[in-house]
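Record features, source TrEMBL:
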TRANSMEM  76-97  transmembrane segment
TRANSMEM  146-165  transmembrane segment
DOMAIN    185-361  domain 'CSC1/OSCA1-like cytosolic'
TRANSMEM  377-403  transmembrane segment
TRANSMEM  423-442  transmembrane segment
TRANSMEM  469-492  transmembrane segment
TRANSMEM  504-525  transmembrane segment
TRANSMEM  570-595  transmembrane segment
TRANSMEM  615-633  transmembrane segment
TRANSMEM  645-665  transmembrane segment
Amino acid sequence: MDYNPLKMPCDWNVARKHALARRTAPDTKAHIDYEDDEEPKKPETCPCCGFEIERKEIPYCDDIKQLKFLGAGFPLFYNFLKFCILLLCLQSLVAIFNILSNYHGEFCQQQSLNPISQQMEPNCQESAFLKLSIANKLNNSEVVVFIQKANLIMLIIMIILLQFFRRHQKKLDNQIDESQLTPSDYTIMVTNIPKTLNVNYRWELTNIFQNYAVSDTNFQITVTKVVLVYDITEILAEEAKIEKSLQKKKIALQTSNMKYECQDVRDCELEIETSQRRIKDLQEEYFWTNRQFSGIAFVSFESEKMKDLVLSQNAHTLIDKMKTFLYSGKTPGLDEMELQWQAQKLFIEQAPEPNDILWENLATLTQDKIIARIKGFFITLALQGVTFFVIYYLSIRCIRLVYNEELEKRRIGVDDKEKLKHVQMISFAIASTIVLVNKLLIEPLMKWVTKIEKISTNTKFQTSYANKLTISLFVNAAIVSYVIDILIFSNVYGFGGFLYNESLIFIMNAAIAPLIWFIDPWTLIRKLQRDHQIQKVNDCLLTQKEANEIMEEVDYQLAMRYADIIKTMWFTFFFGTAIPIGVFSSLIGLSLFYLVDKYNILRRRTVKESISQELSWQMINMLEFIVLFNPLGNMAVSLFLNQDFDIYSTIGVIIGLSFQVLPIHRIVDSMFPIKNFEEPVSYKKAQIDFDTDYDRENPVTKQKAIAEHHSGEKSGILNYA
């Protein structure tokens, strides 16, 4: 079956099959008996993406390990979320006593002179938030000291639990790797290959790795596939031309009442066909002549043992890469035993999964990537400054409005209840502004900035995006309010003050995310778009590719989830002692988030990329900052409430800083190593079970490789050796 992504009118049956192939569900193949030499019958696959159409739905109550077919990143994510819920459960033990002691406190009921009205008033406004906060026991130093001691003990328990969690995640990753065969289990990525040689790169690389990659001459290395990476700028330019011609074609069809024989339509089709032929010619040219070869290749071996041996015997350092960059690819001082090609050291590393690669960025030159990262860094700072100023400006205006109106209402005799209602509305407006700016402005902006950085894999992209987003969300939710309410106005527990506003943010943060994901407006919009286009019948202007995409469920964004979770954890542990109801709000919020998000990924999302375990390790590093933020937040609030440093928070900060600086988890890993499992299955047998492969994702070889995989043929591209 020939697949034309630009076919108009589209075939909705093909689009429905594509949607079935991209469901979040494993294919229906039973566990393959790899000892059996007879190859199983190939199931029906989507001609567009090569994925199997028939898939088995995962029951909602099944273990998260069932998501292993998506890559280790997804089971690790849900395990991460459950661990965060566990930490909040433990912290809630301290929070329970904290809330009870706050409730029975008397500070808020005591009166003092209001500097604005010059009258004796209660220390705190009449609010359950303040009655349950640390403000209500400021006159009970013994209980405050007890809470500080309990926090220090909990801090040490968290450090221990984080080490156990790291090990548990690594064990889970190993179990998934052992049970799930993927192309990266057999593949390395080779960089710094000389680019402009007039040679058969596939044959040369096969020869190098089979004969020179390992020192043990008695161990035979067998290369099964080599996939070269190309600079696809010209192909992308032709695709942009096609997109412009498509838009012209759609306009021509609309004006001609859907007459495909119209001259304007035919002219557009001719332009599209010309660009398509040009792309096909470029693909053939790149493949056979090596023009635009980027110096990067993916080399697959017959077994994982071969791959691991090649990796272990051909290590490199950051200094090696820096020297190579400074000497334009050449590596001075090379040892004759090092794997090299024309005085260029071949850098070898574990390959990412094929559908984890951002192919349009992979061939980007190192100097261009450095410039892009620097640009992204400064744009991030600028955007963070702008959003900080927006929230700051709105908050300042609201707070000044409250103080000015308080003076006026005192003069004309407005009662406290009406004043309190107005203050509550202002506080709610500030909290809503912060939450909405984070959701509607920060998330898309940080994603746009991350795209500028020309990152080469989805895992690295998601990591960079999650890091930026987490920091921005935390700064806007926690630091802005701290600066305005405490540092500028010194209003901790007064009308519309810090404790009241942050309590509102806690509740809104816990409620809004699960509610939005439960309503899932993105899926509703996609369904409306889908129904609208299907009802058009012959008047539909979608291409086959666009129809396929609209039939899919909405893409799953893992980085956004990680950022929301880590921001919640940072925020909770930073202010959880001062506002203990925030611990319970976050606990309920994350628990609801887990239930809703698990349903969404199983029933209402499409996962297009494979996310590796590296994202999980980076997010654990981010999570570990709660060990520092917890005592730091306690110290910051205590400093303004009591005008002194409490000793236990100071000790906690020292412990937290030491935990961040010292390589504790590496020491633990070296003391208690985890055995890595090897795949006992050959590449030839395992590839039958691959959902995709490097040649099926590479833009230069993709079309031909998918067609050959679909037909079951074996050709030069699929198995050239």
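Just so you know, glycine gets a Cβ as well, placed from its N, Cα and C.
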Task: Recorded stretch, among 76-97, 146-165, 469-492, 504-525, 615-633, maximising Cβ pairs under 8 Å relative to the transmembrane segment (645-665) - done: 615-633
Task: Other parts of the chain folded back onto the transmembrane segment (615-633), taken as Cβ under 8 Å at six or more residues beyond its ends - done: 72-73, 76-77, 80, 84, 87, 151-152, 154-155, 158-159, 162, 165-166, 169, 173, 459, 462-463, 466-467, 470, 558-559, 562, 566, 569-570, 573-578, 648-653, 655-657, 659-660
TODO: Six or more residues out from either end of the transmembrane segment (469-492), which same-chain residues have a Cβ under 8 Å from its Cβ atoms?
DONE: 135, 380, 383-384, 387-388, 391-392, 395-396, 399, 430, 434-435, 437-438, 442-443, 446-447, 498-499, 501-502, 505, 509, 559-560, 562-564, 566-567, 570-571, 574-575, 622, 636-637, 640-641
Task: Among 76-97, 146-165, 570-595, stretch most in contact with the transmembrane segment (504-525) (C-beta, under 8 angstroms) - done: 570-595
Task: Positions whose Cβ lies under 8 angstroms from the transmembrane segment (76-97), at least six residues beyond its ends - done: 64, 67, 147, 150-151, 154, 157-158, 161, 165, 168-169, 172-173, 558, 561-562, 565, 568-569, 572-573, 576-577, 580-581, 583-584, 586-587, 590-591, 593-594, 597-598, 611, 613, 615-616, 619-620, 623, 626
